[in-house]
Amino acid sequence: MADEDLIFCLEGVDGGRCSRAGHNADSDTDSDDDEGYFICPITDDHMSNQNVSSKVQSYYSNLTKTECGSTGSPASSFHFKEAWKHAIEKAKHMPDPWAEFHLEDIATEHATRHRYNAVTGEWLKDEVLIKMASQPFGRGAMRECFRTKKLSNFLHAQQWKGASNYVAKRYIEPVDRSVYFEDVQLQMEAKLWGEDYNRHKPPKQVDIMQMCIIELKDRPGQPLFHLEHYIEGKYIKYNSNSGFVRDDNIRLTPQAFSHFTFERSGHQLIVVDIQGVGDLYTDPQIHTEKGTDFGDGNLGVRGMALFFYSHACNRICQSMGLTPFDLSPREQDAVNQSTRLLQSAKTILRGTEEKCGSPRIRTLSSSRPPLLLRLSENSGDENMSDVTFDSLPSSPSSATPHSQKLDHLHWPVFGDLDNMGPRDHDRMDNHRDSENSGDSGYPSEKRSDLDDPEPREHGHSNGNRRHESDEDSLGSSGRVCVETWNLLNPSRLHLPRPSAVALEVQRLNALDLGRKIGKSVLGKVHLAMVRYHEGGRFCEKDEEWDRESAIFHLEHAADLGELEAIVGLGLMYSQLPHHILADVSLKETEENKTKGFDYLLKAAEAGDRHSMILVARAFDTGLNLSPDRCQDWSEALHWYNTALETTDCDEGGEYDGIQDEPQYALLAREAEMLLTGGFGLDKNPQRSGDLYTQAAEAAMEAMKGRLANQYYEKAEEAWAQMEE
């Protein structure tokens, strides 16, 4: 059988059968990579071919109706078909940018390919054939890149001139092998968020390159390489994991995408370090709340703070219902300069963008909850975990294999698309567009924050090469019914959250205090902004750091339930020593005294022992008490008792093991108050004597024998008053 008979036969967009006349094997090979084509099985069975043809015609009939609308005119339908045909013909005649390097003459190597499915969390291995250049053509801060060709597993003959162009990347300095696998997991998790962004119908869709690992088992040590397609065009870094944005590279879509991931995930993560060609991105970084996933590039809430310090909400953010992050007036002035630069951006809104958090397009992952559910398991708010989002099938039949898995696990699956309305089909088409990724060939270091990208080698992607995006990474498959998931797992539901403090405060106010303190990631982001200001990160070396902005974010963090911020503001406003913003002092006014005591009282209610003692002393002595309150020994006794009983963690998850006052001193003060009475507290000599005895025992344990004897004497005096 001739080689060209072994190539997949395709059906064109007009439903006609493909003809081999006038087409060589390379042409046929090219066609089956276009995502608008249906791949048919190789068979000589005439009846089977007829069945396949009818399926293809039915599929493309539905596809055309979806794209053009059920009420669209035949003229618009014809225009859609012609556009696809024109794009395919153009792709076929693109030259190979690496032809001059004659990679086909290099020795063939056997490699084990590791592919990651971000939906199921599974790794699969298979064998591939590659040809890799011996010298790198690009070098970044941490990795170097090698030109590579990989033979498609779909081919039955080794046609290396028709093989796809790839880029193999390896770390310059030796790293643990697990780092390679973490990088792939990160990029494929980020790809899911790109697909979710596309389902909200933005003006321009985004896609993140698919990446896998190849293990060259015939080389010494069996080294690992990352493998990506070669990207066509100019490589640009739009933002980094430290929030850096080049003025001449400001675009709307990359910044809006990062902002979207923060709100859509309920503040549990943000995808940053956006770089690539156009809106085809590679080497992103994900910052998570805990900061423990995905290696050293994950800066946690600090990375989120860095992004929002330099982020100016644009018209895409507004059209998708994303809320601006709260900045101080001085910070806002700096961001407004970027806002003026955004006016030159050419992106035009269609007016059909979906609002972030639209329940109609929320989907769930299949067999194993992916990144977002793993993050939710570690989040402080057990009852407010987030819904995860699965990508749609990348082809009409791609849901089938995983559907069997899901049925096995009793997950409700849309095995077919019967329940999909016209708008759902639109999303499937949008997803198909987003999956049409190119080939990456540029070194991109997500861990080198502020370095400008080095000059890159440019070139056209090889149009007549198989993209093989379906085999280089395991895409998403299967969609789970959200309503059923909510019924089975109501505690896992987590709606998207806005970036605005006022709206987050409204959500927290509906919770009791025990679930309010330390449960807002947005509060942690504002607290990180405080630390960056205090550390001088946001100012020039010779400038004073912005104290007003630091206090602004500290107050917002306190409003959002961050215990450290609440305590810090309470001490600061009360003119007491404080560890956060230690160089900042505020005016001593009645208003500030009231604010300070209110913050300390809130911290005491949240379980902070130091604040309990300060509040008790204020009610006891009247010092540092707010002007609108008066001495109240019953309140003081309550807080002294609470401080004595506090031996577990506070609401912020911390335990203060360094006692501000020893236990015997607090017990003795309680006994003294009960012995004399006053300020709303009745005398109780018997209780006073008991407390003096407890104070004496505590003093003995602390090796304070002389003080213990004094307490025993006072206990006898108190009991003597009781007998009188």
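Note: Cβ is positioned from N, Cα and C throughout, glycine not excepted.
Which of 80-93, 262-275, 598-611 counts as region 'Calmodulin-binding' depends on Swiss-Prot, and there it is 80-93. In Swiss-Prot, the entry for phosphoserine among Ser178, Ser376, Ser391, Ser491 corresponds to Ser391. Noted from Swiss-Prot: of Ser58, Ser77, Ser258, Ser385, the annotation phosphoserine belongs to Ser77. Asn298 (ATP binding site) carries neither a helix nor a strand DSSP state and counts as coil.
Proximity of Asn298 (ATP binding site) to non-local residues of its own chain (separation of 6 or more, Cβ distance below 8 Å) is seen for Gln285, Ile286, His287, Thr288, Gly291, Thr292, given in sequence order. Confidence in the domain 'Alpha-type protein kinase' (115-325), given as mean pLDDT, stands at 90.
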